[in-house]
Amino acid sequence: MTHLSSSSSSSQLPAVVPADSDFRTDVFMVPGPAEAVVPPLGEGEPGLNGMDGETEPLLGRPVTAAVVGASREVLGLSFMALSALLFSLMSVLVKLSGNNFPFLEIVLVRSIVQFSLGVGGCIYVGVRPWGPAGFNRLWLIARGTAGATGLGLYFYTIVNMPLGDGMTIFFTGPAFTALLARVTLGEPLKPIDVLATLACLIGVVLVSRPEFIFHDSDHNHHQDADAPHHGGKHHATSPWAALAALGGALMSAVAYCLVRKIGTRAHYMVHVTYFGAMSTLISGVALFYTATPVPLPQWTLAETAMLLAVGVSAFIAQCFLNAGLQMAHAGPATLMRNLDIVFAFVFGSVFFGETPRVTSIVGAAIILASTASVALFKWWTHKRSL
């Protein structure tokens with residue numbers, strides 16, 4: 001997952017910080033799968049942008065900046081863990097819905113929910129949903145298209161591949177981002193970025209177990225015979241699903257680089273709106289030409305609630321992720337973000353009876369270690385530069 005950053009740092013806190021300071025959740029929006037994080041203010045650590053400048057604490061004694069900083073760090077990491085849990089639950093809902101709906105119809109409903117919430121968010125914060133006047137909106141359209149493509153590939157992966165494996169491959173996105181940012185934006189590429197990318201590719205091979213390498217007589221993931229089959233159309237680590245996960249990771253890297261290109265010229269809610277709009281358009285057209293949607297009157301109440309919950313849970317998870325990245329340092333926060341993979345393997349076992357192979361566990365560990373090492377290295381490098 002890509003990092004967010006802010007120009008302020010913890011060293012800029014006042015000596016006394018009010019305990020009732022309002023924390024603004026309207027500074028950044030951190031998208032979920034297939035969506036790029038908005039990093040509008042450079043390469044610094046996430047700061048405490050929500051401090052309102054008051055000087056009189058409500059408590060009987062002053063609260064030092066160090067105490068507040070530590071408590072906010074813990075709270076921020078808790079928010080990150082909660083966002084990972086919600087994103088994983090969203091993936092479970094997608095997989096369950098895949099039994100009754102084409103994956104493109106799930107994408108369409110999720111996109112409509114996101115577009116509606118994005119427009120509402122723009123109105124709430126007082127910005128134009130279609131971007132500032134005079135700005136070349138083609139960049140926003142391209143960003144929305146990249147995110148929409150990545151989201152579609154991700155949902156296809158979730159429906160057609162074991163939950164833990166699919167999410168693991170998709171989370172290789174940050175490794176590809178470093179390479180793409182070097183080519184398109186001229187950002188520095190360090191040896192650790194190259195090593196992490198190569199390690200992630202090895203992890204992908206171990207997770208997906210391509211048949212031309214492993215020659216499995218049974219290429220299927222083991223699924224407990226007595227486990228309830230509540231969702232998922234897969235019984236194998238489909239090579240097409242694995243390629244879709246890898247493609248989704250690449251598209252998330254493209255979306256991130258486009259966000260970097262746009263910079264601070266567009267509010268984060270504008271990004272959310274364009275993503276929802278383009279995803280609605282693309283998934284709607286693709287659904288019309290490639291699949292037979294389930295007509296709305298045929299939806300049961302439970303199915304309707306499940307589809308709507310996909311969009312709402314993703315949006316709430318984005319809010320927690322946004323708040324967590326503002327309150328916690330980028331390195332530890334990114335480690336908490338990788339809990340998505342852990343939750344995915346757990347939920348895959350609990351809800352779908354999926355038993356991961358040893359190679360899947362090893363591959364997931366390699367990918368986790370690779371992305372975490374890059375995040376921690378950049379965090380450590382930034383701390384040294386202060």
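Note that Cβ sites are derived from N, Cα and C of the backbone, with glycine treated the same way.
Database features, via TrEMBL:
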TRANSMEM  74-94  transmembrane segment
DOMAIN    75-208  domain 'EamA'
TRANSMEM  106-126  transmembrane segment
TRANSMEM  138-156  transmembrane segment
TRANSMEM  168-185  transmembrane segment
TRANSMEM  192-208  transmembrane segment
TRANSMEM  240-259  transmembrane segment
DOMAIN    240-373  domain 'EamA'
TRANSMEM  271-292  transmembrane segment
TRANSMEM  304-323  transmembrane segment
TRANSMEM  335-352  transmembrane segment
TRANSMEM  358-380  transmembrane segment
Hey, which of 106-126, 271-292, 358-380 has the most Cβ-Cβ pairs under 8 Å against the transmembrane segment (304-323)?
106-126
DSSP on the domain 'EamA' (240-373): how many residues come out helix, how many strand, how many coil?
117 helix, 2 strand, 15 coil
Please work out whether the transmembrane segment (271-292) lies in contact with the transmembrane segment (192-208), by counting C-beta pairs under 8 angstroms that are 6 or more apart in sequence and asking whether there are at least 3.
no
Mind tallying the domain 'EamA' (75-208) by DSSP state, helix then strand then coil?
108 helix, 0 strand, 26 coil
Same-chain residues at least 6 beyond the ends of the transmembrane segment (106-126) whose Cβ lies under 8 Å from its Cβ atoms:
26, 94, 97-98, 148, 151-152, 155, 159, 267, 269-270, 272-273, 275-277, 279-280, 283-284, 287, 293, 307-308, 310-312, 314-315
Does the transmembrane segment (192-208) come near the transmembrane segment (358-380), with 3+ Cβ pairs under 8 Å (pairs 6 or more apart)?
yes
What stretch in 74-94, 138-156, 240-259, 358-380 has the biggest tally of Cβ pairs under 8 Å against the transmembrane segment (168-185)?
240-259
Quickly jot the same-chain residues contacting the transmembrane segment (74-94) by Cβ under 8 Å, restricted to those at least six beyond its ends, or write none.
32-33, 103, 106, 155, 158-159, 163, 167, 231, 306, 309-310, 313-314, 316-318, 320-321, 323-328, 332-333, 336-340, 343-344, 347, 351
